[in-house]
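Note sheet for the following structure.
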């Protein structure tokens with residue numbers, strides 16, 4: 001919707017209803033599908049309201065995507081959807097809070113994990129020539145993130161290993177590196193939380209969802225914020241260099257105009273004739 005605009009809402013609604021129709025009766029599926037559509041629509045208009053740029057070149061855009069597009073807007077879809085399935089007796093009423101938080105976490109994680117990567121594919125200018133060293137470094141970074149994070153989760157229960165990995169990706173490759181590494185880490189952490197292993201062992205479902213939401217939001221926001229900060233710094237440096245070059249050109253032009261004689265200076269004075 002951020003890329004194609006609000007006109008794609010019928011397709012989103014139809015897809016949401018078709019998926020939910022396989023899990024519940026048709027009437028709740030219709031209402032739940034409408035609720036699921038409200039989240040992206042709210043995110044679209046909230047981000048549009050503040051002037052969100054899909055290029056993600058400003059700190060304002062990174063913060064807006066996380067807090068407005070993911071955490072705030074998805075409250076609408078999760079709340080409406082949970083009320084519908086509880087009212088339709090799809091789940092018992094005493095599971096409302098767990099179902100609501102699980103729904104909200106899933107919707108928010110979808111926005112946080114996939115949106116930056118998809119926006120990068122839209123705006124990324126791919127190089128004409130492949131630099132094999134950079135490509136090898138990117139592959140090693142992605143595989144290293146996968147191995148290190150899996151090992152830290154299952155052997156040490158240390159999820160914090162993800163943060164330096166995302167930081168390294170953001171510093172070396174900007175958003176093009178932070179987005180895929182953040183996606184890999186978010187998917188691994190989500191699967192780990194769902195199965196209740198690693199740091200989520202012996203925790204209740206609600207606790208797992210709370211920790212998962214906090215961890216993934218912090219990881220994605222950290223990577224986005226660092227990458228955008230570096231981009232802003234590089235843009236500021238480029239602007240300063242361009243301004244300095246223009247000032248040097250103006251100064252050189254002024255110096256040349258001072259040292260170059262004018263036409264009047266090069267014309268000899270007229271000779272005076274003899275007086276009678």
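Here, residue 1 is simply the first one shown, and the rest follow in order.
Any Cβ shown, glycine's included, is placed from N, Cα and C.
Unlike curated entries, TrEMBL annotations are predicted automatically.
Copied over from TrEMBL, here are the features:
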type	residues	note
DOMAIN	1-233	domain 'MASE1'
REGION	257-276	region 'Disordered'
TRANSMEM	26-47	transmembrane segment
TRANSMEM	63-91	transmembrane segment
TRANSMEM	97-119	transmembrane segment
TRANSMEM	140-166	transmembrane segment
TRANSMEM	210-230	transmembrane segment
Confidence summary for the domain 'MASE1' (1-233), mean pLDDT rounded: 82
Cβ contacts the transmembrane segment (210-230)/the transmembrane segment (26-47), at least three under 8 Å, sequence gap 6 or more: no
